[in-house]
Amino acid sequence: MSSEAETQQPPAAPAAALSAADTKPGSTGSGAGSGGPGGLTSAAPAGGDKKVIATKVLGTVKWFNVRNGYGFINRNDTKEDVFVHQTAIKKNNPRKYLRSVGDGETVEFDVVEGEKGAEAANVTGPGGVPVQGSKYAADRNHYRRYPRRRGPPRNYQQNYQNSESGEKNEGSESAPEGQAQQRRPYRRRRFPPYYMRRPYARRPQYSNPPVQGEVMEGADNQGAGEQGRPVRQNMYRGYRPRFRRGPPRQRQPREDGNEEDKENQGDETQGQQPPQRRYRRNFNYRRRRPENPKPQDGKETKAADPPAENSSAPEAEQGGAE
């Protein structure tokens, strides 16, 4: 008889566990009676222990605690409160991360007899649709929003890079290559370093190209090669004091040349050239600050040569008149 008693004791242990689980509705083990993740299907075999009182009953959720995972539903027909556990929810909202039922939501469920009273099972929305879920439950779409938010800034980076690459490289083929090379570091380093680079990248790109274009019109290739060097230095060093020092040095030889021109030229040439000289002074003073004086000296000599020719021309005319 002792051996038979030993064999009968193990089945008694799970029964005690089930009864203990039902006495603690706040614990997750309370869902063992109504079914765990696989308990939804185990509700039918558990029908031997729990009787099905009613099926497809409509009710309004009285309250539901998402953290603890249980609440109560008020039946519409008998106005009776029915206990509901999160494991009893059969069709959850696919957008919700946890199983839950919203407060005041109308649901359809089966009423099962539990040890402490009526319990809900197979909870769905009216007509078998998924339940809406509690507003306090975590939303799965919250994790999908990040790539969508990152989309517009990336497009903005590409457009900004297209404008920069178009200014640097005149060819249309070189632009996409520059984009492919520039996209990778921005993805790794993300946004803060990108915004920090903006002021440093804009100044040389938008300020230097017009200066180079003006120099190429009047200067030789050697002068253009020398002009590229101070442009790089200006990016790293403070170049405003250099610009202020430059103009007074450039004015001295021009004034001397102007005095020589005034002595050699006649009244007609003097009346024509002063506006030209003023225009040249203003032009060089404003836009050609970062340039070296070497190419400008070449321009000054070129500018000084034609007046010398003009001065010789009136002398020849005067000699012919005599």
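Using the three backbone atoms N, Cα and C, a Cβ is placed for every residue, glycine included.
Feature list (source: Swiss-Prot):
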- 14-27: compositional bias 'Low complexity' (COMPBIAS)
- 142-152: compositional bias 'Basic residues' (COMPBIAS)
- 153-164: compositional bias 'Low complexity' (COMPBIAS)
- 192-206: compositional bias 'Low complexity' (COMPBIAS)
- 239-248: compositional bias 'Basic residues' (COMPBIAS)
- 277-289: compositional bias 'Basic residues' (COMPBIAS)
- 59-123: domain 'CSD' (DOMAIN)
- S2: N-acetylserine (MOD_RES)
- S100: phosphoserine (MOD_RES)
- S163: phosphoserine (MOD_RES)
- S165: phosphoserine (MOD_RES)
- S172: phosphoserine (MOD_RES)
- S174: phosphoserine (MOD_RES)
- K299: N6-acetyllysine (MOD_RES)
- K302: N6-acetyllysine (MOD_RES)
- S312: phosphoserine (MOD_RES)
- 1-47: region 'Disordered' (REGION)
- 14-69: region 'Interaction with ss-DNA' (REGION)
- 63-68: region 'C5-methylcytosine binding' (REGION)
- 118-322: region 'Disordered' (REGION)
- W63: site 'Important for C5-methylcytosine-recognition' (SITE)
The domain 'CSD' (59-123): DSSP-derived helix, strand, coil residue counts: 3 helix, 34 strand, 28 coil
Proximal but sequence-remote residues of the same chain as W63 (site 'Important for C5-methylcytosine-recognition') (Cβ under 8 Å, at least 6 apart): G71, F72, D103
Averaged pLDDT, computed only over the residues in the region 'Interaction with ss-DNA' (14-69): 58
